[in-house]
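According to Swiss-Prot, the features are:
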SIGNAL    1-22  signal peptide
REGION    23-201  region 'Antigen-binding cleft'
REGION    23-109  region 'Alpha-1'
BINDING   Arg31, Ser46, Lys65, Arg116, Tyr174, Gln175  5-(2-oxoethylideneamino)-6-(D-ribitylamino)uracil binding site
BINDING   Lys65  pyridoxal binding site
REGION    110-201  region 'Alpha-2'
REGION    202-293  region 'Alpha-3'
REGION    294-302  region 'Connecting peptide'
Amino acid sequence: MGELMAFLLPLIIVLMVKHSDSRTHSLRYFRLGVSDPIHGVPEFISVGYVDSHPITTYDSVTRQKEPRAPWMAENLAPDHWERYTQLLRGWQQMFKVELKRLQRHYNHSGSHTYQRMIGCELLEDGSTTGFLQYAYDGQDFLIFNKDTLSWLAVDNVAHTIKQAWEANQHELLYQKNWLEEECIAWLKRFLEYGKDILQRTEPPLVRVNRKETFPGVTALFCKAHGFYPPEIYMTWMKNGEEIVQEIDYGDILPSGDGTYQTWASVELDPQSSNLYSCHVEHCGVHMVLQVPQESETIPLVMKAVSGSIVLVIVLAGVGVLVWRRRPREQNGAIYLPTPDR
């Protein structure tokens, strides 16, 4: 199960995290049913996450809901785990029945998957969102609209199920209430339990380097790593103007130590004298790495401007910018030259 979780977590994180400086907290539960599973894969798995942190697991092998975070085990009584274990055993059987029914409808045999994701988000401004959806073989199948109390069906098979589910008004109202009230209440509760982990801030280490991506094509890469929470905004500016259409972005991925990494790149025009700068925002702090022309020789310059950190870096020696929160009205940076490769 540990190896499977290690495989599932990065896939979920890629879907969950976007390039944004606005801090959002989320609670999500993923359930996966597999027909004819390969060796080592349970036929039913349920995992819970607060933000990107796994908090609970259940699978058809152990048949027990268990905590995945110490602060969950410390704060929830044994009867909580037993109660939800019984509920998930029911979900396990339900998924098995529904997956067989879908295979009959589609005339499928062999190994197929049925997935459910339910959860909510608490945004920085206090507003909330909620979501509930199903997928078959990794493709959207049914999506719940809590505002209209209806399901969006993607094909005729899904439409048949949609009609049956929408006939149960009590269940629709229950799902709406769970998404808008119960889920948010649980999320706030879990955020308090794990506040030392979930509400911490670790600033990114940022560096810029120049790389030949193809023969005759050179790109600037702005790379950030070691940061938490995963919400971060990165962009390139050319001559002081943002160039969104010219930028390639990497996914925000876990680094394996509880922090995250990502990058943004832009191709250089070798015939121009454009001035490029990488802008990074994380938890309200803004950094600018100004990149001089390759032919220039400029000493390292760094200064704080209106709460921002500005660093001019010569690319002949790639460097890393480390920034940390300082006492109010004090911002600073430490420049750490990287060893030669």
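Cβ atoms here come from the backbone N, Cα and C positions, even for glycine.
Locations of recorded Swiss-Prot features on the structure.
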residue : record                                                         : Cβ neighbours (10 Å)
Arg31   : 5-(2-oxoethylideneamino)-6-(D-ribitylamino)uracil binding site : 21
Ser46   : 5-(2-oxoethylideneamino)-6-(D-ribitylamino)uracil binding site : 23
Lys65   : 5-(2-oxoethylideneamino)-6-(D-ribitylamino)uracil binding site : 21
Arg116  : 5-(2-oxoethylideneamino)-6-(D-ribitylamino)uracil binding site : 20
Tyr174  : 5-(2-oxoethylideneamino)-6-(D-ribitylamino)uracil binding site : 12
Gln175  : 5-(2-oxoethylideneamino)-6-(D-ribitylamino)uracil binding site : 19
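Within the model, the region 'Alpha-2' (110-201) shows a mean pLDDT value of 97, rounded to a whole number. Helix first, then strand, then coil: DSSP counts for the region 'Alpha-2' (110-201) stand at 40 helix, 30 strand, 22 coil. For the region 'Alpha-3' (202-293), DSSP puts the residue distribution at 3 helix, 59 strand, 30 coil.
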